[in-house]
Amino acid sequence: MSHGARVIRTGVSSGGSTAPPAATAASSSAGSDAELVDGAYFRSCAGMLKVAQMISLLIGFISVHNSSWTNYSAYSYFQIVTMCDLVMILFFYVIHIFRVYRKLTCVSWPLAEFLHYLIGTILLLIASIVAASKSYNLTGLVAGATFGFLATILCILSIWSSYKVSCITQSTSK
């Protein structure tokens, strides 16, 4: 695993004082890694989008869970999909906040997140359509389906922004 380029000076090769330059180089490169939480991710567009997705999924889940069901299989599927998406979005949110992606370089985190959003958005769209068609004008079920569609739109925005970033990164790296 590569942790970045670091300059280490020894007294033999440099001929000068060894302690201050080595300490300065180590502290400047380790200063960004020493912070436990990435505070900038809280205020970033991607971070706020993940929070909005989690809130809309949680409201959709609670709305469906607290209403009277007419079709058990449709709403249990909706609840399973919303909770799985919520847990996975929370997982990626924690990975970005605590900078786990810097330590575990064996996983392609942008690809994993992109595939999660792609599969999760398709399943959430199907679950929201089924929940909306089986709601029979019950307000809790309609609200749950509405928040499911809102979460689907927010997930599509995440897919679009991650695809846009990966295309820009690849085109400029050539």
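Cβ from N, Cα, C; glycine included.
As written in TrEMBL, here are the features:
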DOMAIN    41-167  domain 'MARVEL'
TRANSMEM  51-69  transmembrane segment
TRANSMEM  75-94  transmembrane segment
TRANSMEM  114-132  transmembrane segment
TRANSMEM  138-160  transmembrane segment
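In the predicted model, residues of the domain 'MARVEL' (41-167) average a pLDDT of 92. Taking H, G and I as helix, E and B as strand and the rest as coil, DSSP gives the domain 'MARVEL' (41-167) the counts 108 helix, 0 strand, 19 coil.
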